[in-house]
Amino acid sequence: MKIAILSQDPKLYSTRRLREAAENRHHDVQVINFMRCYMNITSHQPFVIYQGQRLENFDAIIPRIGASATFYGTAVVRQFEVMGGFSANTSQAISRSRDKLRSLQILARKGIGLPVTGFAHATQDIDGLIETVGGAPVVIKLLEGTQGIGVVLAETHQAAKSVIEAFRGLDANILVQEYIAEAKGTDIRCFVVGEKVVAAMKRQGAEGEFRSNLHRGGKADKVRLTPEERSTAVRAAKAMGLRVAGVDLLRSNHGPLVMEINSSPGLEGIEKTTGVDVAGKIIEYLEKNAAPGKTTDRIQY
């Protein structure tokens, strides 16, 4: 197959591993900085230009699009879909997953377990907002935050009020969630490919840190999932329309709860922790689902 990896940095671990896995299986692979592409969107024969050359006849696309590049990145993915390329994640699913509020609303509608969550912008009834999720302690998040940035644990009602007031001064949209104390600062990253969890790890926050992000000094270990946890991760990815996803779960007293779904999950932490060839699993999935030579429009509006 002819595969395009859409990535701004070919030296990133995830990009390198995907390229290596594809080449090991004898595919023709090209890493493309999607931010440097331009497109003809009105042509009867739509195309993408990169480094002065038309990008044509790709059987499969692997988007590795960071949060800050979502708008243009998904536009490029959409153009490849119009040209008939099979994307590991569709442009629509990526856009949907990048909106944290919309993601939670979709998951709630599908009956998937979530922490009790409130959403606000400039409410004057801060006390009511806090009580809506069961009172302190609560976790307060900036809607646009990533990698644990803009996430605060408020252990008392007064602390929660102070944080919400401060965020309100930033003219920010905020999520307020119940704090799952029994999780003890750990979460579980489930890596879903297709309709299967191919690898999973438990992440523990650094000393005195309730956020478990590896970017923030957390550590990771292999973990055995329960059937309910596997089912929840797969159902969550499917609800979002994601074929490749990192689903973050908390273990609560009333079952697994979904914290977040990532449409461009990193491979380094999960591969080094579990020893699973996750990049290879993604390429295998493309082999089974991307029909070489298919040129019909795959776009979903």
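Glycine residues also receive a Cβ, built from the backbone N, Cα and C atoms like all the rest.
Under the heading ATP binding site, Swiss-Prot lists LYS141, GLU178, TYR179, ASP187, ARG211, SER212, ASN213, citing sequence analysis as support. Swiss-Prot lists ASP248, GLU260 with the feature Mg(2+) 1 binding site, giving sequence analysis as the kind of evidence. The Mn(2+) 1 binding site annotation in Swiss-Prot covers ASP248, GLU260 and is backed by sequence analysis. Taken from Swiss-Prot, the feature Mg(2+) 2 binding site covers GLU260, ASN262. Positions annotated as Mn(2+) 2 binding site by Swiss-Prot, on the basis of sequence analysis: GLU260, ASN262. According to Swiss-Prot, the domain 'ATP-grasp' annotation covers 104-287.
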Those binding-site residues of LYS141, GLU178, TYR179 having Cα within 10 angstroms of ASP248 (Mg(2+) 1 binding site): none
Reduced DSSP assignment, TYR179 (ATP binding site): coil
Per DSSP, three-state class assigned to ASP248 (Mg(2+) 1 binding site): strand
Cα distance (Å, whole number) from GLU260 (Mg(2+) 1 binding site) to ASP187 (ATP binding site): 10
Cα-nearest neighbour of GLU260 (Mg(2+) 1 binding site) within the listed binding-site residues, LYS141, GLU178, TYR179: LYS141
Residues satisfying Cβ distance under 8 Å from ASN262 (Mg(2+) 2 binding site), sequence separation of at least 6: SER97, ALA245, GLY246, VAL247, ASP248
Residues satisfying Cβ distance under 8 Å from LYS141 (ATP binding site), sequence separation of at least 6: LYS100, GLY150, VAL151, VAL152, ILE174, LEU175, VAL176, GLN177
Count of other CB atoms lying within 10 Å of the CB belonging to ASP248 (Mg(2+) 1 binding site): 21
Cβ neighbour count (within 10 Å, all chains shown) around ASP187 (ATP binding site): 23
Position of peak Cβ density within 10 Å, selected from the binding-site residues GLU178, GLU260: GLU178
Cβ neighbour count within 10 Å of TYR179 (ATP binding site): 18
Mean of pLDDT values spanning the domain 'ATP-grasp' (104-287): 91
